[in-house]
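S.K.: Starting off with a structure, shown below.
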Amino acid sequence: MAANFVVYLAIFTFTAAFSGALASDPDLLQDVCVALPSSSGGVKVNGFACKDDANVTAADFFFDGLAKPGLINNSVGSVVTAANVEKVPGLNTLGVSLSRIDYAPGGLNPPHTHPRATEMVFVLDGELDVGFITTANKLVSKTINKGEIFVFPRGLVHFQKNNGDKAAAVIAAFNSQLPGTQSIPAALFTATPPVPDEVLTKAFQLGTKEIDKIKSKLAPKN
């Protein structure tokens, strides 16, 4: 009986560890590992190298950038302010981060994915239409209001749209220190080097002129 218990415990421990590794960032192996900027070393690691403990300060764990609305100055009407490991070095190896997203009336956070994290949004103000698309092409959507939350599973295409006549804002939580964001329109139409026109025309069943028009509208403004 004891031997069986040990076997079961070993299997459970391995399964939990393996599942955890897939679900979020790797676990830390020390109390803190404050990130050193990539330019500090020349060594590339999965994450960031650790700052010397003697040089760690409270500032490495502090960020006030989510305290006020971000400045919206783009055509889609939304702006994301990230509080990830690049802004808060103390998040390195901790597997969490936040963002604030502000939306103008009618503003959209265009369809995008986070390849390394599940996202949960908490509505600070306003009303949003949100949704994600499963790999079976099913749209899961809902209207959410102040004080409510919605979850976007890791890697799935999702969006948020402010259909109200007032500004809206959310706090987004991620189970990654650097979740990554890939905007679907930008990835397809503003990649460098560009995605070949023959790929885009066939995929979207559009002519070259229409593709060029979309590219010109999405091109970064100088």
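Cβ atoms here come from the backbone N, Cα and C positions, even for glycine.
Since we're looking at a predicted model, the values are computed, not measured.
Annotations per TrEMBL:
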SIGNAL    1-23  signal peptide
DISULFID  Cys33-Cys50  disulfide bond
DOMAIN    64-212  domain 'Cupin type-1'
BINDING   Asn109, His114, Glu119  oxalate binding site
BINDING   His112, His114, Glu119, His158  Mn(2+) binding site
S.K.: Listed recorded positions are Cys33, Cys50, Asn109, His114; which of them have CA atoms within 10 A of the CA of His158 (Mn(2+) binding site)?
M.R.: Asn109, His114
S.K.: Looking only at Cβ atoms, how many others are within 10 Å of the one on His114 (oxalate binding site)?
M.R.: 23
S.K.: Hey, of the disulfide-bonded residues listed (Cys33, Cys50), which one tops the CB count within 10 A?
M.R.: Cys33
S.K.: For the domain 'Cupin type-1' (64-212), jot down how many residues DSSP puts in helix, in strand and in coil.
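M.R.: Taking each residue of the domain 'Cupin type-1' (64-212) in turn, the totals are 22 helix, 58 strand, 69 coil.
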S.K.: Sorted by position, what residues of the same chain at least six away from His112 (Mn(2+) binding site) have a C-beta under 8 A from it?
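M.R.: Spatial neighbours, sequence-distant, of His112 (Mn(2+) binding site): Val157, His158, Phe159, Thr181, Gln182, Ser183, Ile184.
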S.K.: Applying the rule Cβ within 8 Å of the centroid of the Cβ atoms of Asn109, His114, Glu119, what extra residues of the same chain belong around the oxalate site?
M.R.: Ser99, His112, Thr113, Val121, Phe152, His158, Ala172, Phe174, Pro179, Thr181
S.K.: Under 8 Å Cβ-Cβ from Asn109 (oxalate binding site), six or more apart in the same chain: what's there?
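M.R.: Listed in sequence order: Val76, Ser78, Val80, Ile101, Tyr103, Phe159, Gln160, Lys161.
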